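Below: the structure, in structure tokens.
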């Protein structure tokens with residue numbers, strides 16, 4: 001384990017993913033990401049139960065948060081936050097976070113099930129757009145496909 005040499009009492013070490021071994025980081029990434037997928041699938045299954053919209057919204061949102069948080073184990077929370085708010089990801093990140101909040105507002109405060117489902121769809125689209133931003137030229141390829149399909 002690496003020791004922190006800064007004079008701030010070790011806060012850099014706590015917030016740096018490199019303090020964990022590579023295998024530990026990968027294990028926790030897989031656990032967190034798989035939990036996120038499981039929550040999203042469970043939420044989708046609960047949607048078809050009577051009054052399952054609230055459970056769907058909660059589990060789907062928790063699943064997306066877990067999947068998003070899983071990358072903190074690979075690169076560390078501070079680096080993750082910095083990369084989330086880079087100009088290339090800023091809009092996708094803001095839309096995704098806003099839709100996470102609006103999904104829960106729609107189902108718990110406004111009582112609008114249809115709106116909650118729309119926000120979950122927008123969560124999925126924003127999360128997908130955010131995720132492919134880490135793959136070189138993936139966004140360009142997606143845009144080309146959509147442009148060629150529409151023309």
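One-based numbering along the chain as shown.
Note: Cβ is positioned from N, Cα and C throughout, glycine not excepted.
What TrEMBL says about a protein is an automatic prediction, not a curated fact.
Here TrEMBL flags 28-49 (among others) as transmembrane segment.
Per TrEMBL, the feature transmembrane segment maps to 55-78 (among others). Beyond the ends of the transmembrane segment (55-78), by six or more residues, the same chain brings 15-18, 20, 25-26, 28-33, 35-44, 46-47, 49, 96, 100, 103-104, 106-107, 116-117, 119-120, 123-124, 127 to within a C-beta distance below 8 angstroms of the stretch.
The annotation transmembrane segment is assigned in TrEMBL to 90-110 (among others).
Positions annotated as transmembrane segment by TrEMBL: 116-137 (among others). Proximity of distant same-chain residues to the transmembrane segment (116-137), defined by a Cβ-Cβ separation under 8 Å and at least 6 residues beyond the stretch ends, is recorded for 47, 53, 56-57, 60-61, 64, 67-68, 84, 88-89, 92-93, 95-96, 99-100, 102-103, 106-107.
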